[in-house]
Amino acid sequence: MIRVAVITLGCPKNQVESEYMLGILEKNHLEVVSDPRQAEVVIINTCSFITAAREEALDTILELARAANHPRLIVAGCLAQQYASELWQELPEAAAFIGPGATGRLPEIINRVLKGERVLDVPGPEMITGELPRLIEDGKPFAYLKIAEGCNNRCTYCTIPSIKGPYRSRPLEKVVAEAVSLAARGIKELVLVAQDTTAYGLDCYGEYRLPELLRRLARIEGIEWVRLLYAYPTRITPELIEVMATEPGVVPYLDLPLQHASEGVLRRMGRPGTGAAGLRAIESLRRAIPEITIRSTFIVGFPGEEEEDFQILLDFLTDARLDWVGAFKFSPEEGTIAASLPGQVPEEVKEERYQRLMLHQQSITRACNEGWLGREVQVLKEGPEVGRSMRQAPEVDGVVYVKGDPSPAGSMVTVKLTQLYNIYDFLGEIKL
């Protein structure tokens, strides 16, 4: 039996695509191994969103090429989609370059590379609609659920529309069917992802259908939590807020990437609104859902960002009191408008502002978390003595450590939060 390993780089959306790959491999009787050193073929599912992601992908490919077992390498994902023709010449170490649209042909491609053939299979942007099998790690209590592909927003710094194509919603019934299948396999939490989850439905139904989708998913037997990531600020509709406020299975949590608070910087980014508009949106959410947890991400060092703009961002964070914040240093991406804008910020200034922002936010996050000490919360176990509360999205926020709790992954337990382990993580006691 042919042994195949899959390495996933990048975002949760890539994780979903890797799980489809694993499902296809298993269905076609190929042996899936977790250790690439034991594999005859290694598939690297890459990201190319920013320079650092491309560098990580190339380093991974070259490291695997030097491995003692000399596996055949298949480069998949965004890097292959965007740069296949260049990489074909520059990376002879790779046996194949495939785009997401070639996922269904993986068994055939593997057979071809094992016969010594090099393969280039990068069709135009396509979407997996849900017919493919999906293999999820045993014992994992959550799954990312991709509801759309592509993006119609035109942020000046972003390559996603050119890589992934225009926004395409998956049919609602197919999303629900996949969710039912996941629940039947023991998944307790669905984490909705897309380039823009809040645009769901507009392209194929002529109206936003995310509220309806959330209701349907939250009422699936076996699903405890439905969590929403990658929301767009101007699409937080009253209907969406109502569903989040009234549907018990939809967790009071929203990932709302705002990117900046300075009006001038936002305008150069091609993003809507102002810092004041962002604050109003946050206040509306908190009025309707008093205990909502809000996460956001920001870019520092965007072209033209002056110290005054950066201070506006810090002041916004002080006023917004966001629970969780991630930040990126601007990376000029080939083919984007932002890469050629005047006023490029020196790398050392980007780094200094990044450090200041994260330090500034740490005290806010600590204060938010301290406000939960002494309270009892539901925790979804992810392993021995560790899990997450509703306030914590997988892999990006903190966790709750529950000493002496023997319940397995997937269990829902009541925990009293007793102290902070660090800024982001809690210690808790099981409540029997």
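Placed from the backbone N, Cα and C atoms, the Cβ positions cover glycine too.
Feature annotations, courtesy of Swiss-Prot:
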type	residues	note
DOMAIN	2-115	domain 'MTTase N-terminal'
BINDING	Cys11, Cys47, Cys78	[4Fe-4S] cluster 1 binding site
DOMAIN	137-367	domain 'Radical SAM core'
BINDING	Cys151, Cys155, Cys158	[4Fe-4S] cluster 2 binding site
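Excluding the listed site residues Cys151, Cys155, Cys158, the same chain places Asn153, Arg154, Tyr157, Thr159, Ile160, Pro161, Gln195, Gly270 with Cβ atoms within 8 Å of the centre of the [4Fe-4S] cluster 2 site Cβ atoms. Geometry remark: Cys155 ([4Fe-4S] cluster 2 binding site) versus Cys47 ([4Fe-4S] cluster 1 binding site), CA distance 18 Å. Assigned with DSSP, the residues of the domain 'MTTase N-terminal' (2-115) fall into helix, strand and coil as follows: 62 helix, 23 strand, 29 coil. Comparing local CB density within 10 A for the binding-site residues Cys11, Cys47, Cys78, Cys151, the maximum falls on Cys78. According to DSSP, Cys158 ([4Fe-4S] cluster 2 binding site) sits in a coil region rather than a helix or strand. Summarising model confidence by region, the domain 'Radical SAM core' (137-367) averages a pLDDT of 94. Residue pair Cys151 ([4Fe-4S] cluster 2 binding site) / Cys11 ([4Fe-4S] cluster 1 binding site) shows a Cα separation of 15 Å. Each residue contributes its Cα atom, and for Cys78 ([4Fe-4S] cluster 1 binding site) and Cys158 ([4Fe-4S] cluster 2 binding site) these two points are 13 Å apart. If you take the Cα of Cys158 ([4Fe-4S] cluster 2 binding site) and the Cα of Cys47 ([4Fe-4S] cluster 1 binding site), they are about 13 angstrom apart, rounded to a whole number. Its Cβ taken as reference, Cys155 ([4Fe-4S] cluster 2 binding site) is surrounded by 18 other Cβ atoms within 10 Å in the chains shown.
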